């Protein structure tokens, strides 16, 4: 394993340098962070540690995402960054053999190397057109890439300026990158003649994506990552174009070890959480000290509603890297979902001091103000985040939620639609649209958007409950359809128990006593396990008592009436009084004397409860 790890280090070391020289700084940072995340060879020995992912991760059942900010693993049992390991596998991912991709030689300081150095300096100073001008007569592949990339960035810079001039900072605009046509013409010519390298292919894929040619862009990006697999920016762009598992499975990718990172990240994006978690935990066998993988595992756990496990990983990650901002917006969503105001306040203060002009920092501060109920300030910080990154999906969606809290439905709809424009697979934005139209009394519009959200996230019980409540509303009264939605919610681990109770009530309304009794019993069992009591608890006992009386099961009916006698929960005494009187009047048992005695005891108990309340 030592030789394999040394190979990874050599590849990542060269990649970080080559990507940095081409001004692909995000990819260079990713490669450098992964480089130092390779586990040290302290005790090399063959093991099945990477062959089989933790069984507890596969058994994790909590998939329900918190619709506003929220989203089990054996991760906590893994050695934490120190960062020695006690066992290793011969090759990554259980002995899989990977293709060997040679590291390309650079033409950095051939003839014109000094001009390239000048152009790179201009690029670093955001003087993109000057950088392109310096390299206009240079023919080396590296120089051609940087010149074209500088032109692309110059066009993006001008596009942003036009959008602000025409529509304001957050307004919609038809401004486009004016360099796309010329760049497509030049890069396609280089590809036909074979004079383009993997970096040029990456840029060509960006241009095609911006022009809306997604199919061809995928093909070009696959060529790029197959020829140079260490460019994480190329993998990320390819991931954004993989909007379904079918598209992902049809990609013709070489079996390089970087492919494992791509698949894990794409599975997470496609909500295939168990698959993503398995791959990340297997990658941890080699890249055991990688902060990126730890953050991704925490994000998966958060998405699967294992909030405690995710919080532990994020806390450990911050302990190792206290000035980290990447992925901390996800951590803030988690703290919001747990209503941990103190921890969220500490995180917001930390990122503010670290880098208050990062979009993630603004989003964290916005979450803090939202949790405090200061929704106007929250909107202000979400707007600041979007000024820094107009395509920051989470900020658009969460700002829509804030507008809903402020009852500003037109602004909420606009924010949600902007989120959907950026990523049509963002189920939270579709859900927000449905919620907003439901508030506006437009149930058919709301149903359309709820259906979209449930299609994208079919295992989220809250989406099915929202759709069921819409069907159940007064304008529609489509009870049968509501029942079907509640059944889906009950099968999707409805932790709040809304679905079971509503199924019981709706079946009762339709006169389907057996079905109603079945769901009341299941709801009663759930409340007993969770040690919950309340009006739903009393309602279930009363219905079951009446139901078993009606079918002649007098012992069962007496059992539920006796349980009512023992009930001491906080519920309306008038409700209990009325309900028990109805049971008393309707229930006929074998022994009239026993019935009168039991009813008298129940009424005395209710009278006592009434005096207490």
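Every residue gets a Cβ built from N, Cα and C, even glycine.
Looking at 18-43, 44-69, 70-95, the range annotated in TrEMBL as region 'Disordered' turns out to be 70-95. Within the listed segments 110-137, 138-165, 166-193, TrEMBL records coiled coil for the stretch 166-193. Note on the repeat 'TPR' (393-426): DSSP counts are 27 helix, 0 strand, 7 coil. Break the repeat 'TPR' (427-460) down by DSSP state and the numbers are 27 helix, 0 strand, 7 coil. Among residues of the same chain six or more beyond the repeat 'TPR' (427-460), those with a C-beta under 8 A of the stretch's C-beta atoms are 63-65, 67-68, 271, 396-397, 400-401, 404, 407, 409, 412-413, 416-417, 419-420, 466-467, 470-471, 473, 475-476, 488, 492-493.
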